[in-house]
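> As annotated by TrEMBL, active site applies to CYS96. Among the features that TrEMBL reports, active site, proton donor is placed at CYS96. The active site, proton acceptor annotation in TrEMBL covers CYS237. For ASN26, ASN87, GLY97, ASN98, ASN177, ASN210, GLU228, ARG229, GLY238, THR239, the entry in TrEMBL reads substrate binding site.
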Amino acid sequence: MTTAQTPQTSPSTASLAFLKGHGTENDFVIVPDPDGVVDLPAATVARICDRRAGIGGDGLLRVVRTAAHPEARSVADEAEWFMDYRNADGSIAEMCGNGVRVFARYLEHAGLVTAGDVPVATRSGVKQVHIAKDASGSGSAAGDITVAMGRALLPEDGVTVTVGGRSWPARNVNMGNPHAVAFVEDLDHAGNLFSAPPFAPASVYPDGVNVEFVADRGPRHVAMRVHERGAAETRSCGTGACAVAVAAARRDGVDPAATGEPVTYIVEVLGGTLVITEHPDGEIEMTGPAVIVAEGLIDPVLLDPS
Ligand SMILES: N[C@@H](CCC[C@H](N)C(=O)O)C(=O)O
């Protein structure tokens with residue numbers, strides 16, 4: 001039995017409240033745990049994220065007050081909430097760009113914040129998130145959510161991505177988490193190849209890597225497919241879209257730090273469109289939709305299958 005789940009039905013059951021949300025179809029199970037008392041071992045997260053026997057998700061967002069989490073206590077004066085992000089296999093990731101936007105949508109949905117600026121603590125630092133007011137002004141449509149993702153690190157090491165015996169040169173981009181970005185002619189071809197897991201050198205990526213294949217769609221407009229570390233091919237990846245935008249800009253000879261002008265790329269993902277702007281100081285902003293689609297209770301059988 002996992003420890004200290006939040007009782008929701010009766011004292012004899014220990015169900016756990018959850019919500020489900022997505023950002024451009026990168027989907028997450030959200031577990032509110034303000035006091036940081038819910039124990040979620042990797043195997044439990046993997047069962048919850050299982051698409052057949054569980055709820056299903058590319059990852060899990062545990063919502064904990066910074067003051068109640070040992071990894072976030074030191075930034076409690078900067079942000080009230082900490083995103084404890086887990087991949088679908090239960091592994092911990094430093095950052096999730098779509099996840100933090102969905103996290104902010106949850107905070108708004110739960111009445112814990114109002115639209116506007118919301119700082120969220122992550123393992124990759126405190127991110128400033130902006131929740132736009134409802135797009136229609138009528139309360140019927142959720143406005144987009146923007147997150148200031150911080151700067152990309154672009155180590156010079158050229159890397160190679162290999163899938164099913166075929167290899168591509170790729171750009172190493174770190175967005176708080178590791179990415180390998182490979183430009184291809186034909187994304188469908190890349191999609192076929194994602195039927196096998198991609199590999200990139202463990203010497204460069206000792207903790208694994210997220211792999212993006214990118215094809216051009218027009219000036220400062222690209223499309224990507226992504227295979228996420230700790231998940232599989234997903235329909236979107238926010239950090240991946242940022243890594244792709246920066247890699248595409250450098251390939252196109254564009255560097256806002258040199259020109260003093262921000263540059264914006266449209267990044268199509270399988271689940272929608274993300275808009276990525278890199279500013280002259282290196283700050284990268286990502287904007288896109290984020291929605292809550294369900295809420296309910298996780299049955300104890302998923303939490304303790306024994
Ligand atoms: N989907 C996320 C990235 C989630 C973490 C990633 N799989 C990793 O292990 O680094 C995003 O939107 O950025």
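Along the chain as shown, residues are numbered 1 onward.
Using N, Cα and C of the backbone, Cβ positions are placed for all residues, glycine too.
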> Measuring Cα to Cα, how many angstrom lie between the residue listed as 'active site, proton acceptor' and ASN26 (substrate binding site)?
6
> In the structure shown, which of the active-site residues CYS96, CYS237 has the fewest Cβ neighbours within 10 Å?
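CYS96, out of the active-site residues CYS96, CYS237, has the fewest neighbouring Cβ atoms within 10 Å.
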> Starting from the Cβ centroid of ASN26, ASN87, GLY97, ASN98, ASN177, ASN210, GLU228, ARG229, GLY238, THR239, which together make up the recorded substrate site, report each further residue of the same chain whose Cβ lies within 8 Å of that point, ordered by sequence.
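Once ASN26, ASN87, GLY97, ASN98, ASN177, ASN210, GLU228, ARG229, GLY238, THR239 are set aside, the remaining close residues are ASP58, GLY59, ALA93, MET95, CYS96, GLY99, VAL226, THR234, CYS237, GLY240.
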> Mind telling me which of the binding-site residues ASN26, ASN177 has the densest Cβ neighbourhood, counting other Cβ atoms within 10 Å?
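In terms of Cβ crowding, the pick is ASN26.
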> Restricting to the chain of GLY238 (substrate binding site) and a gap of 6 or more, list residues whose Cβ falls under 8 Å of its Cβ, or answer none.
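Same-chain residues close to GLY238 (substrate binding site) (Cβ under 8 Å, separated by 6 or more) are GLY23, THR24, ASN26, CYS96, GLY97, ASN98, GLY99, VAL100, ARG101, VAL147, MET149, LEU274, MET286, GLY288.
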> DSSP three-state call for GLY97 (substrate binding site): helix, strand or coil?
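DSSP assigns GLY97 (substrate binding site) to helix.
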> Far apart in sequence but close in space: which same-chain residues, 6 or more away, have a Cβ under 8 Å from GLU228 (substrate binding site)?
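In sequence order, the residues whose Cβ lies under 8 Å from that of GLU228 (substrate binding site) (at least 6 apart) are ASP58, ASN87, ASN210, THR234, CYS237, GLY240.
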> Return one of helix, strand or coil for ASN26 (substrate binding site), based on DSSP.
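It is in a strand.
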> Please classify the secondary structure at GLY238 (substrate binding site) using three-state DSSP.
helix
> Looking only at ASN26, ASN87, GLY97, ASN98, ASN177, ASN210, GLU228, ARG229, GLY238, THR239, which the record lists for substrate, tell me the maximum pairwise CA distance in angstrom.
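Comparing all Cα pairs, the maximum is 16 Å.
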> 10 Å Cβ neighbour count around GLY97 (substrate binding site)?
30
